[in-house]
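*Asks:* So TrEMBL lists these for the protein:
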- 12-36: transmembrane segment (TRANSMEM)
- 48-66: transmembrane segment (TRANSMEM)
- 72-94: transmembrane segment (TRANSMEM)
- 106-126: transmembrane segment (TRANSMEM)
- 132-153: transmembrane segment (TRANSMEM)
- 165-187: transmembrane segment (TRANSMEM)
- 193-212: transmembrane segment (TRANSMEM)
Amino acid sequence: MGFLGPHQQLAFIFGVSGSIVSFLVYLAPVQTFYKIYKKKTAGGYQSVPYMLALSSAMMLLYYGWLKTNANLILGTSSFGCTIEVIYLVLYIIYAPKRDKVFTVKWIIFFNLGGYCLIMVVTNLFTQKCKRVIVMGWICAVYSVAVYASPLSIMRHVIRTRSVEYMPFPPSFSLTFCAIMWFFYGFLIQDFYVALPNLLGFLLGITQMIIYVKYKNANKDVEITEKMQKVDMESSMGDLKPSFADHEQEIKEITIVISEKPAESDEIKA
């Protein structure tokens with residue numbers, strides 16, 4: 001990298017680091033889909049984050065093709081498109097019928113239809129020199145949508161107090177990835193890359209905070225229930241002797257009452 005200045009070298013380092021972390025982010029759901037494969041069902045999981053990630057990768061691929069010296073963006077987005085397609089195919093195979101139909105419809109209308117529409121609009125109605133700017137804004141919007149897509153999962157975690165459907169590795173990887181791409185975009189003065197990743201960093205931190213808060217929530221509930229059960233059993237054990245005492249007293253009273261008529265007969269005689 002001797003032919004690059006210090007500024008360009010730093011941007012290249014952050015760009016390569018961002019690409020590597022992006023690969024790890026794309027591979028993070030492998031654990032989730034392995035669980036789906038083992039359970040033979042995708043029930044409880046959502047396809048929206050993967051559809052948004054695929055759409056974002058497709059838009060970045062087109063943006064990288066329009067932009068000069070964007071090999072890192074091209075390579076990363078190409079890998080992202082491939083892996084997200086694989087995830088969605090697996091999801092469709094194992095999803096319940098209702099979720100399967102929903103996913104297929106949205107892939108057709110949102111991913112394919114939306115991408116074709118944007119390609120047509122940018123090529124027919126925008127000047128060549130302005131296409132990069134238009135696609136930059138579109139990519140920024142899609143990137144924000146990708147980072148915001150886990151909001152529904154976060155709401156589910158807060159409501160159910162369970163982090164089963166929001167594992168920690170993807171949240172951490174996404175946050176670290178956002179940091180790398182933010183500095184890369186900042187150093188090359190590409191704010192269409194920098195600004196969405198700043199928001200992604202904030203949302204990633206929020207996800208990790210929610211995970212840490214609720215990761216032991218179910219365990220605490222189970223411990224509380226066990227303690228309550230033990231207390232109830234012990235209290236029932238304490239009540240049993242008193243029931244036995246009352247039963248003995250009732251028997252004694254019954255005997256005394258049954259003996260009293262005999263005594264009155266003796267007096268009459």
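Placement of Cβ uses the backbone N, Cα and C atoms for every residue, glycine included.
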*Asks:* Under a Cβ pair cut-off of under 8 Å, which of the recorded stretches 48-66, 72-94, 106-126, 132-153, 193-212 contacts the transmembrane segment (12-36) most often?
*Replies:* 72-94
*Asks:* Between the transmembrane segment (132-153) and the transmembrane segment (72-94), are there at least three Cβ pairs closer than 8 Å, leaving out pairs fewer than 6 positions apart?
*Replies:* no
*Asks:* With pairs 6 or more apart in sequence, are the transmembrane segment (106-126) and the transmembrane segment (193-212) linked by at least 3 Cβ pairs under 8 Å?
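*Replies:* Contact between the transmembrane segment (193-212) and the transmembrane segment (106-126): absent, because fewer than 3 Cβ pairs are under 8 Å.
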*Asks:* Under an 8 Å Cβ to Cβ limit, what residues of the same chain, 6 or more beyond the ends of the transmembrane segment (193-212), are close to it?
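*Replies:* Here the qualifying positions are 73, 139-140, 143-144, 146-148, 150-151, 154, 157-158, 163, 166, 168, 171-172, 174-179, 181-186.
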